Amino acid sequence: MTVLKPSHWRVLAELADGLPQHVSQLAREADMKPQQLNGFWQQMPAHIRGLLRQHDGYWRLVRPLAVFDAEGLRDLGERSGFQTALKHECASSNDEILELARIAPDKAHKTICVTHLQSKGRGRQGRKWSHRLGECLMFSFGWAFDRPQYELGSLSPVAALACRRALGCLGLETQIKWPNDLVVGRDKLGGILIETVRAGGKTVAVVGIGINFVLPKEVENAASVQSLFQTASRRGNADAAVLLETLLAELGAVLEQYAEEGFAPFLNEYETANRDHGKAVLLLRDGETVCEGTVKGVDGRGVLHLETAEGEQTVVSGEISLRPDNRSVSVPKRPDSERFLLLEGGNSRLKWAWVENGTFATVGSAPYRDLSPLGAEWAEKADGNVRIVGCAVCGESKKAQVKEQLARKIEWLPSSAQALGIRNHYRHPEEHGSDRWFNALGSRRFSRNACVVVSCGTAVTVDALTDDGHYLGGTIMPGFHLMKESLAVRTANLNRPAGKRYPFPTTTGNAVASGMMDAVCGSIMMMHGRLKEKNGAGKPVDVIITGGGAAKVAEALPPAFLAENTVRVADNLVIHGLLNLIAAEGGESEHA
């Protein structure tokens, strides 16, 4: 899985809480000289390397990680009444405890195995548990019951309830999706897999738990402890050791009670925690709907009760998955006039705007990992007169995600050779980023002069448009995040805390921040000078800036430049371009 050595794991454990650590201490953990640490750090996985910040001899990570050291884990386990084992890498933490349970069931009881990486981690229904180092808190433990296996059907929801209690102790509000998923709305925070072994006259339940500690970059519809911690306005960062100790305390107390009294004492609490109680749901097997109805509740065996068209039905977990039934949302009627839903598919986020009578009615956005707000708005606002028109540079897979939320054809518009009286001089218009084209079309909402059109996103684009309607092309450069990331990953000494912009920076962090902004501002001013020369003496050339960093870029341009030229910050420029185009189709056009 990785080629990390014990010294790498020790250093990671020292830094995992996100607090500053002096290089002398880290060097002792790595058994090397402090000046060797930078080269040593380059051996870390790429997603870990970029988290490091250095300042005045101290190292820290910009976010905490779920990484432990054996001694600290042992102390934590003793306080909670558990024996501990730490496996930096293994096939499956459940397999580790299952093997122990088969050999010595008494030893498996209250023995916990924590792992940082699993090659064969799994969830319910054989699904693979995906994770990267440090993103997920993963552990398994054994619990011996003096009961046969068939009497433990409610253990799964009880374990989920214990985890929810623990998270509540830390101020984090969660729900449970039957039978045992920890969720925040539609986003999954964690899952539980329980496997059992019958040995020595006892049933040993092996409880495997995985909780997203930081938001997993490659997993859609996910929540994390760290993001919840910040949403709850808690000071500082979440701590994986505190989280694990709180979980073990609640799991121990709840399972002790469950072993004596069963599920009955927990039923009311579970009903409150159940996200879908009283709501319409679909039950799926292998992706196919096998049943639909309204959740009535869960009984003492952990069995789900549904009210269906055929009457009440009961469902055991097995190979069944539960999903909210969004088809039941009523759709309000709208006037018969044509309405539009305009989409801008950027690299990292989707933006959309509802257009009625030629104006924006509602504007929204969401990351691709959770487009449910778009789906919810579609269910609420759509009718038979809505036409969906979009521009996308995000790739086919993300466009497919958008399509899943909208029950209608999407007209994805490419760049064209000409539109709205503007001629596109790009050599191959089909290769031209459609966002750049619609930014140019949208700029006519704000200026009829020649203008430099700037978009600050994942990439920064700087394009030229003449006053007589010739789009001349332009430049593309990395955005601020990509510039910072490339310095962090590709250099030994420039992975520093974010600095501030100064005329004459005297620290490395400030030099990096100032250099990145100067690069963008310099590119804008270079393009402005070229366009002004081409446009002719005495004729104005405006600057239109859009995107997340637009205001900061406008502020950073030299005062003399701002005094001599018109510089405007325009939100949603692509959507303005789409609106201009469809308005022209209807005989109207937006003007400045």
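Every residue gets a Cβ built from N, Cα and C, even glycine.
Look at Swiss-Prot and you will find 1-329 tagged as region 'Biotin--protein ligase'.
Per Swiss-Prot, the feature domain 'BPL/LPL catalytic' maps to 83-259.
Feature annotation from Swiss-Prot assigns region 'Type III pantothenate kinase' to 336-592.
When secondary structure is read from DSSP and collapsed to three states, L350 (ATP binding site) falls in the strand class. All chains included, 24 other C-beta atoms sit within 10 angstroms of the C-beta of L350 (ATP binding site). Look at Swiss-Prot and you will find E344, G345, G346, N347, S348, R349, L350, K351, T458 tagged as ATP binding site.
The substrate binding site annotation in Swiss-Prot covers Y426, G433, S434, D435, R436, T508. In the three-state DSSP reading, S434 (substrate binding site) counts as helix. Taking the Cβ of S434 (substrate binding site) as centre and 10 Å as the limit, one finds 23 other Cβ atoms among all the protein chains shown.
On its own chain, D435 (substrate binding site) has E344, G346, C391, V393, S455, T461, V574 as residues at least 6 apart in sequence with a Cβ closer than 8 Å to its own Cβ. Annotated active site, proton acceptor per Swiss-Prot: D435, in sequence order, evidence recorded as sequence analysis.
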Check: Going along the chain, which residues six or more apart from T458 (ATP binding site) have their CB under 8 A from its CB?
Finding: G346, N347, S348, G479, H481, L482
Check: Of all the Cα pairs drawn from E344, G345, G346, N347, S348, R349, L350, K351, T458, the residues the record ties to ATP, which distance is largest, in Å?
Finding: 15
Item checked: Output field, ATP shell: CB within 8 Å of site CB centroid, site E344, G345, G346, N347, S348, R349, L350, K351, T458 dropped -> S365, Y368, V393, C394, G457
Item checked: Inter-residue Cα distance where the pair is L350 (ATP binding site) and R436 (substrate binding site), in Å -> 16
Next item on the list: Over the domain 'BPL/LPL catalytic' (83-259), work out the mean pLDDT and round it to an integer.
Entry: 88
Notebook entry, point to check: Taking S348, T508 as the binding-site residues to compare, which has the smallest set of other Cβ atoms within 10 Å?
Noted result: S348
Item checked: Surrounding CB atoms that lie within 10 Å of the CB of R436 (substrate binding site), all protein chains -> 25
Check: Within the chain of G433 (substrate binding site), which residues six or more apart in sequence place their C-beta under 8 angstroms from its C-beta?
Finding: V393, S415, T461
